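The transmembrane segment feature in TrEMBL is assigned to 12-32, 97-121, 141-157, 200-217, 237-258, 327-348, 360-377, 428-448, 460-482, 488-511.
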Amino acid sequence: TVMAAPMTNDQSWFYSLALGVSFLKCLLINAYHSTDFEVHRNWLALTHSLPVSQWYYEATSEWTLDYPPLFAWFEYGLSHIARFFDKEMLVVQNLNYASPATVLFQRLSVIVADVVFFYAVKECCKCLREGKGKDLLGKPSFILTVLLLWNFGLLIVDHIHFQYNGFLFGVLLLSIARHFQNRHFEGALLFSVLLNLKHIYLYIAPAYGIYLLRCFCFTQSNADGSLQWRSFSVVRLVTLGTIVLSTFAMSFGPFIALGQLPQVLSRLFPFKRGLCHVYWAPNIWALYNIADKAFSILGVKFKLLDINKLPKASMTAGLVQELQHSVLPSVSPLATLVCTLLSILPALFKIWHRPNGARGFLRCLVICALGSFMFGWHVHEKAILMAILPLSLLAVESREDVRIFLMLSVTGHYSLFPLLFTTQELPIKIFLMLLFTIFSLTSLKMLFRKGGALLNPLEATYLLGLIPLELICEFVYPLTVWQKTFPFLPLMLTSGYCALGVTYAFIRLYISLLTCSDTTKKTKMQ
């Protein structure tokens, strides 16, 4: 059954929020942009200028095409509009080209593509359990809309740093909404399209696979919720398989016909990269790296290790991709894969054994996203949004999920601060982060008035600790003598401190999944 409540009859507030955030994005057009800006400009150029057979071989720029084919076609489509702004951006040899017209076009392309995200958020709001007689500010749908449309992470990653995550998350959220609405074929199709736009979403594919097999291909359960084997529908399985395979065939077909599949896959899965990204994402491997660095420094200090025999990367910047561990064993891609699978298996078993509907699926999806973030190979810090955004849907319905959401969103969003390292963006990121955090705390507290504080003293103290951490890293440390000797220390402190919060949220999420079901633990919203 679909527990869906329509949004309030007057939906002008939704359009006001959407227009407001779009206006804010326009104000950020001339803000700092990262190398990802040049990445996407290069992809516009190569898809526009070269035949399809050369797309995944072209290497004039170091930023080669490493997204799946559907995204390449998306860039190809954009390139035909781009030529009306500035044809020079479509020349492959024009490396680091960023004329005002180019900046305007690329920024506007992200803003316009976010229309998909707006529609998805609207559909997600229809799936919420709404209380009657609440004023607008106390409605779950209003709070969810702000938490998603005005999400701090998406604003800085897409509209300052530069990427197309809003558009991609729009496809994901729309897929989730379709499963809530029992439109499972549409949900499966949208997720297949998403995988062919950006393959990082493979991390949450196990949640989709198990859920659809258990709750859709098996049409009935026993009275106690256990599986009724005789209810298996071959037709549904074949239809789902056809949807998924046809999507992949359309996407990869031309490259398979050209005999280029191995080349495409080598671009999509570059395991030659190191364990961690340039800036360590706040996960288990960040804590592992910090422990290795600490052991190596102590080893040298107490003359247990020879400094000349240590890998250079372990004692210098700490930011190179190929990180060699000095004391602890080096981690292989296979080891990270095993750890990731082990971290999500209990959640997959739970939705197979006791599915608990679309909400159980959503909780499992968040755990898959967070598990892969915690233990994956070469994880980007931006991947934390894959857990924060879907968790927002659960946070407006359950007090326990509010606690997890606040811990994960505040910590995860703060961990994105090092992406914007320019002075002029400092007040912007601090202001937007404070705005989003204060809204999250006050609105969710209003939603769950009864039951005391949302966070316990230890959790609140940990989050408040981010303030002195920011002051030290941004203002105090650059003035010290250690800045030249240990330039990596502020990043290491940020990564390590945030890793503790993300790990805590992951553990709490698992406890909530394994100890009680949604149906028994939902707190009535006051």
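Any Cβ shown, glycine's included, is placed from N, Cα and C.
The transmembrane segment (428-448) shares the most Cβ pairs under 8 Å with 141-157, out of the stretches 141-157, 237-258, 327-348. Counting only same-chain residues 6+ beyond the ends of the transmembrane segment (237-258), those with a CB under 8 A from a CB of the stretch are 52-53, 56, 68-70, 184-185, 188-189, 192-193, 195-196, 212-213, 216-217, 264. By the Cβ criterion (distance under 8 Å, sequence gap of 6 or more), the transmembrane segment (200-217) is counted as touching the transmembrane segment (360-377), at least 3 such pairs being found. The stretch in 12-32, 327-348, 360-377 that contributes the largest number of Cβ pairs under 8 Å to the transmembrane segment (141-157) is 12-32. Within the chain, the transmembrane segment (12-32) has long-range Cβ neighbours (under 8 A, six or more residues past its boundaries) at 103-104, 107-108, 110-111, 114, 118, 122, 125, 136, 142, 145-146, 149-150, 155, 159-161, 420, 422, 424-425, 428.
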